[in-house]
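Student: Before I ask anything, here is the structure I am working with.
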Amino acid sequence: MDFLHALLGRIQSKLSFVSVQPINWKLYVQSFSWGVTLFESYLLLRQYPLYSKAAPPAILEGHFDKDTFEKSQRYGKDKAKFSLFAGIYKQVIDSALIQFGAYAWSWDIAGKILSRFGYGPAYEIPQSILFSAVLFFISSLPSLPLSVYQTFVLEEKHGFNKTTPSLFVTDMLKGWALGFGIGAPFLAAFLKIFKWAGDRFVPWLMGFLLAFQLSMVVLYPTVIQPLFNKLSPLPEGPLRGRIESMASKLKFPLKHLYEIDGSKRSSHSNAYFFGLPWSKHIVIFDTLIKESPPEDIEAVLAHELGHWYFLHPSKLLLISQAHIFTILSLFPAFLHAPPVLRSFDFPEHVARNPPTIVAFLLFQMILTPMEAVVGIGLNFISRQFEWQADRFATELPAKLFQDNAAGKLQLSEEEKKEVEDMADMGERLKRALITLHVKNLSTVWVDWLYSAYHHSHPTLTERLKAIEGIQKRAPRIAADSAKKEL
Ligand SMILES: [Zn+2]
């Protein structure tokens, strides 16, 4: 602990200028956020001409009929136009809020509301919660027309929208209630820890955030998601049988297997897993079940289990802890920094003794350059994980036979037969990916820089090529090891 605090102390002394020098932080935040928006618009302009291509990439020829390809190009074009407009619109709003002192105004309003009820400035936590709520509404309400347009015009036009206006409104209200129900106690605890731990808040706050993240892993599927979607146990049948037997061969601790009514809102489809290390749940979208045969869905699940096998979620959690640590260790320099608050129009009496929540929000805005770089880095890592999971699915039969030969697995004759039947896993995964892309009308021509910045998954073409590469390198690897076995 002492080493940790010595390290944090050194970082603080390097940043001590923040608390004294009158730097124009507002100008800095404005320039950088505009920089990010303009860069994102530039990426869209690079991507845009690709939506005019008349035919899909060679590797996809034969999988896309002309009509579907043209539909996907039109959908992509409409989405790109919308993103370009939405990005600039949101930036104009955010920029105006910063320029005209909306942060200081929200703090002031929150204080006034509380004082009506007889609570003075000593009640920092209630004022912080109210401040966050006011700020949330003034910054998010202007974008409401955008999500209405996106759902009821854009997605509707291309046949994806299944949301009714009443569902849209109840979703929104539920989301707000939930945000407040979880956000307010979270914020209260967060601020309490700051006050209680003083200068030594970093390890305590990290422990708190980790506990919060882990409890969300349990609460999200059991309490939160059922508020929006219906999860029902996947009925007995070939699909359930395949997934259960694959999970047991891999010793995946499958607790529940659900089908989710994703089609209630949208016809985009997917599958995922979640849970604690000893109890996992798999969720499959009803749309995916409708669109692909059980053997192809099995390949999608093999990909998902690849994420589990290589500990991808735990690795991401570890990276996020390192990220949180960096943020928290830089924060104390901004915690007692009147010039930062003055720069964002806070009056002298507030700036003299900065409220923690205000200091933290302004600090986060100042961090946007770092966050943009972290985002690109995380996308890069996530894409590596996707390649790895695709490889896992493609090589799964070979792996199971190797495990069996090494004595790590005891396959019965019937199970050996099942593994043998998995020999075409690569083909099935390719087919499932193509179906997913075709049904979702996903973009197939992607600019490399656009993709590097935005995408957490490799493009379809990249994935198909990689899977083909694995299949070519080990053409009949599964069959060969099967022969050895038998
Ligand atoms: Zn994946």
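Note that Cβ sites are derived from N, Cα and C of the backbone, with glycine treated the same way.
No curator has checked TrEMBL annotations; they are predicted automatically.
TrEMBL lists these features:
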| type | residues | note |
| --- | --- | --- |
| DOMAIN | 47-230 | domain 'CAAX prenyl protease 1 N-terminal' |
| TRANSMEM | 125-154 | transmembrane segment |
| TRANSMEM | 175-195 | transmembrane segment |
| TRANSMEM | 201-220 | transmembrane segment |
| DOMAIN | 235-469 | domain 'Peptidase M48' |
| BINDING | HIS303, HIS307, GLU386 | Zn(2+) binding site |
| ACT_SITE | GLU304 | active site |
| ACT_SITE | ASP390 | active site, proton donor |
Student: Rounded to the nearest Å, what's the C-alpha distance separating the residue listed as 'active site, proton donor' and the residue listed as 'active site'? Just drop the number here, would you?
Tutor: 9
Student: Cα-Cα separation of GLU386 (Zn(2+) binding site) and GLU304 (active site), in Å?
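Tutor: Between the Cα atoms of GLU386 (Zn(2+) binding site) and GLU304 (active site), the distance comes to 9 Å.
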Student: Cβ under 8 Å, sequence separation of at least 6 from the ends of the transmembrane segment (175-195): give me the contacting residues as numbers and ranges.
Tutor: 124-125, 128-129, 132-133, 136, 201, 204-205, 208, 212, 224, 227, 356-357
Student: Across the whole of the domain 'Peptidase M48' (235-469), what does the mean pLDDT come to? Round it, please.
Tutor: 90
Student: Cβ within 8 Å of the Zn(2+) site's Cβ centroid: which residues qualify beyond HIS303, HIS307, GLU386?
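Tutor: Close Cβ neighbours, site residues excluded: GLU304, GLY306, HIS312, PHE385, GLN388, ALA389, ASP390, PHE392, ALA393.
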Student: Do you know which of the binding-site residues HIS303, HIS307 has the most other C-beta atoms within 10 angstroms of its C-beta?
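Tutor: The residue with the densest Cβ neighbourhood is HIS303.
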Student: Around GLU304 (active site), how many other CB atoms lie within 10 A of its CB?
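Tutor: A 10 Å sphere around the Cβ of GLU304 (active site) contains 23 other Cβ atoms.
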Student: Of these recorded positions, GLU386, ASP390, which scores lowest on Cβ atoms within 10 Å?
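Tutor: Fewest other Cβ atoms within 10 Å, among the recorded positions GLU386, ASP390, is found for GLU386.
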